[in-house]
Amino acid sequence: MKLELSRVIQGGARLGVLQGIGRTGQHSLKVPGCLLYTHFGTVPHLTQDTLQTVNNLPSVTQVTLSNIAEHQEVLEEFKEGFKAFAGLHNTVLYCSLHDPATRSPTGYATNKTVSVWGSGGRIELTASKFMALLKTVKPDWYQSMADGETWQTNTSRKRIRKSVDRTLAYLDECLLVHQKSQDLDGVELFGVVEGGDVMEERVRSARETAKRPVAGFCLDGLQTGSVDQALRTQLITSMTTELPEDKPRLLQGVGRPDEVLACVEAGVDLFEGFFPFQVTERGCALCFNYDVSPDPECAVLELNEEKHSAGDNMQPKGDLNCEDQTQMTSFEMNLKDKRYQDDFKSLVEGCGCYCCKNHQRAYLHHLLVTNELLAGVLLMIHNMTHYQNFFGAVREALATDKMDLLKKRVHGETRNT
Ligand SMILES: [Zn+2]
């Protein structure tokens, strides 16, 4: 795996390509970018066939050990790894510890174990059990075991320090097993940087993790709802200055478009792609503007049209400190709202997805109020397309010096552009 950066802007935002990824080295991933979010290898609501109708799919698929841990014996018996088990082809498999769309309870990590929650309840993992599990999963990338129980704002400094110490100790244990294992030959390990909201601990965690032979870094404990964006930006900047330039940085638990932009500017390369799923689950469609095309007048017109149609239904910008990640944001429209029952426009004018090309808002409204399963399918297609195109716009904005314009578009400011 090699990270080729074509631009680094003021020591922060990075534009580039991760080349030669996966065990065969035949895949690449543009950064900034996001991973493909799945539940046990499946994008929620979509079959593999339907998924393939979405353009520009990420080349890296994320699965979480919380989904997989209770199936270890079956995977051991199957022997060929999770990709073959779940019918995944032509993708790079990344295995993370927790599901970014759900919040794990705190108070369960110990010096020797972390806990994940599957459908049957809590499963406790030691480093050796964690590594045994990964040998059966056979991913291309995985995150090291980590104590990420410091995301709550009232976490004490002592507890944060302990989480950094533990996470480094887990990493050393994982590395020891990793380096001796033939099963994990060619697999990339991402070290996890912790440190809560304490700057010195963030710096220490980043510095120490960077000394180890890891392929990249997961920045943990900064998910939406844990810190506000100003502090998150400061903490990320303090970490990225300690990290080597040639290794990717993956931020966990952040998916809102405004937060993504701020984190990209602080030096984050990769995000988990769970946000479109959360939007779909609340019956909403992403409709924010990310147009940075050379004709600003045209983009403003489109935005005005969108504001007019979504109108009062758009809620104020979500509170960054909000604990509830399921709350609707200003980047989406609530299609369950009665105002859409006779709205015959496509979800987003000009969107090329299957849903927008074939259906109108009124039909989606009907599917949602009658609880038809097709609602989730169509919304997921649209939301994933919109989100992937947004990341395309982020890369274009970095390549053409239009980040300020993109931020104005995403934040919904139409004046002074
Ligand atoms: Zn669409």
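All residue numbers here begin at 1 and follow the chain in the order shown.
Backbone N, Cα and C atoms are what each Cβ position is placed from, and that goes for glycine too.
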Of His178, His382, His411, residue recorded by TrEMBL at the Zn(2+) site of Cys351, Cys353, Cys356: His382
Secondary structure at Cys356 (Zn(2+) binding site), reduced by DSSP to three states: helix
Helix, strand or coil at Cys351 (Zn(2+) binding site) [DSSP, three-state]: coil
Segment confidence, the domain 'tRNA-guanine(15) transglycosylase-like' (13-410), expressed as mean pLDDT: 92
Count of other CB atoms lying within 10 Å of the CB belonging to Cys356 (Zn(2+) binding site): 22
Neighbourhood of His382 (Zn(2+) binding site), C-beta criterion under 8 angstroms, separation at least six: Ala285, Leu286, Leu347, Val348, Cys351, Cys353, Cys355, Cys356
Packing count at Cys351 (Zn(2+) binding site) (other Cβ atoms within 10 Å of its Cβ): 18
